[in-house]
2 protein chains.
Amino acid sequence: MSSFKILSSTRVTRQGGVLHRCQHQSNSTACDMMFAIFLPHSYHESSPTTPALYYLSGLTCNDQNFSQKAGAFLHADAAGLALVLPDTSPRGEAVANDDAYDLGQGAGFYINATQEPWKAHFQMESYIQKELPAVINENFPGINPALKSISGHSMGGHGALTLAFKSKISGETDWKSVSAFAPICHPTACPWGKKAFENYFGSVEIGLAHDATELLKQLAEKSLLYDDILIDQGLDDEFLKEQLCLDDFESTAASVGQTVTIRRHEGMDHSYYFIAACVADHIDFHAKKLK
Amino acid sequence: MSSFKILSSTRVTRQGGVLHRCQHQSNSTACDMMFAIFLPHSYHESSPTTPALYYLSGLTCNDQNFSQKAGAFLHADAAGLALVLPDTSPRGEAVANDDAYDLGQGAGFYINATQEPWKAHFQMESYIQKELPAVINENFPGINPALKSISGHSMGGHGALTLAFKSKISGETDWKSVSAFAPICHPTACPWGKKAFENYFGSVEIGLAHDATELLKQLAEKSLLYDDILIDQGLDDEFLKEQLCLDDFESTAASVGQTVTIRRHEGMDHSYYFIAACVADHIDFHAKKLK
């Protein structure tokens, strides 16, 4: 009955860390989904003790960008942390798409679409919050289902922050910690987010329930704040001012009492060079919370 | 008169290491050439003390593959080592090419071609041995011209080994140390090398003077052996048996007395995952020799 299969397995650290590329038929997105998982050398099938960091990629990316460009495996191996690397959207000929890079395939925005032609497959929120963790736990029994954290880049930073906040508010899933690289912090106030919410939900207003800066207020009202959130941001990032709106998130966090460690880096851009420069600190941040 | 220009500069370590992508008009290859250079945060224009490791890429690659996928910058920054990342061939509409991935643009093999249509531009040996170091030294005065080493992957491993050996034999250039990732060790005995030498030189036999396993014998005759050479090789590398011929190099090295540290890695392939897993050790190997 399970459609899960491992397509390739590659040793990526000298110590014995392995990268598996996997495929499975998703109920949430009604199509085949690819993901990758890095297992540290300390992982053992017989002992469900390995914590996992889920990393959500940005616009145009798939499950491979982080694997190939972040240079994270040696750090994750040393920290004993598994890395789960999902795709950014449903894909395939039967799946709706758009010629623009910021809508449709490669641009799932980690929400459940309610509008045609998107709603049949663009159910990435359900996929990341529920289905993928279940697939991981079933097929990688050395992962501890209770020890998972979430991070992401750009659109995936929006995904990490909002999925973490929403799961705390609903009480359904427990992401132990959350961090982000150059996240879209306030999507209802930026062109990328407005376009996504208009298309996937039919209005920007509905998107308020999927906006990290807005959700932060609910998190505070319910006394569910994280003890810390780590965010890195390059100051030569071409998207910082118009699309990412970090200042909005920072000021709201300050006003509601959410501690956020925001590090702004001169000379760094929006690319994976920036992620590779900072990823070890995110791994350490999450590994500590998952201990 | 100098055509040199920096096209982009990106901070790639938190400490302040910078990646420059550069272009210049090459006399050797008679076309514009791209290269990248990583400068560690310890680099200072006013003090010519920074050693440099030249890294030669493999078939189909350009100056960007290593930058994006090797995850080497943090290690190089910590070691105070600059990384020089050339392209693998001349390029452009005026440059001869072939539809195959293993001949023409992207497949320069680090030799000086003597045959039509290649000889006008395919002069990568002169480019790497003489012209590029001169360009580096002129434009990056914090680099110590006397402190340079060389490494490479696959076709670039062939380039690193042969250029290092040939420069020792000729006494012209001094590469302080040499290492390689999955190098083409015996090109006159493998399909890639035979095809390249037949096309660029007109015969495989002429290629004997550009074959690491053959050059090792000359190096020994002239008592010019390196104190050690580091070679990493994945055992799941699909090219190992037919194209790379590591065993030939190893047995010749043993017979002539060249110490080679060969590390064979179970489960590792020919990709940049393998390079990323091993690159820190190559940086340490060269940094020690360049001290």
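Including glycine, each Cβ sits where the backbone N, Cα and C put it.
Annotated active site, charge relay system per TrEMBL: B:Ser154, B:Asp237, B:His270, in sequence order.
All features noted in TrEMBL, drawn onto the structure.
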residue	record	DSSP (3 states)
B:Ser154	active site, charge relay system	coil
B:Asp237	active site, charge relay system	coil
B:His270	active site, charge relay system	coil
Checklist outcome for this item: As a whole number of Å, the Cα atom of B:Asp237 (active site, charge relay system) is distant from the Cα atom of B:Ser154 (active site, charge relay system) by 11
Item to check | CB within-chain contacts under 8 A for B:Ser154 (active site, charge relay system), separation at least 6 | outcome: B:Gly58, B:Leu59, B:Phe181, B:Ala182, B:Pro183, B:Ile184, B:Phe239, B:Leu244, B:His270
Checklist entry - Across all chains shown, how many C-beta atoms besides its own are within 10 angstroms of the C-beta of B:Asp237 (active site, charge relay system)? => result 21
Next on the checklist: Counting across all protein chains present, how many other Cβ atoms fall within 10 Å of the Cβ of B:His270 (active site, charge relay system)?
Outcome noted: 21
